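The Zn(2+) binding site annotation in Swiss-Prot covers C9, C12, C28, C32. Taken from Swiss-Prot, the feature region 'Disordered' covers 46-67.
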Amino acid sequence: MNDVTVVNCPTCNKQVIWDELSTWRPFCSKRCQLIDLGEWAAEEKRIPSSGDLNDSDDWSEQPLDRQ
């Protein structure tokens, strides 16, 4: 069985074969990878959240005991 997985590049929608030889997968090229990274760095893309945390919210970490 020789199933070939093909995905679309998230940046330009060019088809990319998903295997070890596809260096930039899921992107088709280093250029498309850097365009995507730049969009994240410029905060054009983000992971949705339920809201911002503020100092009064409960945190999962324990406060440091500074003595």
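Each residue, glycine too, has its Cβ placed from N, Cα and C.
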Same-chain, non-site residues whose Cβ lies within 8 A of the C9, C12, C28, C32 Cβ center for Zn(2+) are P10, T11, N13, K14, V16, F27, S29, R31
When each of the binding-site residues C12, C32 is scored by other CB atoms within 10 A, the minimum falls on C12
Residues near C28 (Zn(2+) binding site) by Cβ (under 8 Å) yet at least 6 apart in sequence within the same chain, in sequence order, are C9, T11, C12, K14, V16
Cβ atoms other than its own within 10 Å of the Cβ of C9 (Zn(2+) binding site), all chains, total 19
For C9 (Zn(2+) binding site), the three-state DSSP class is coil
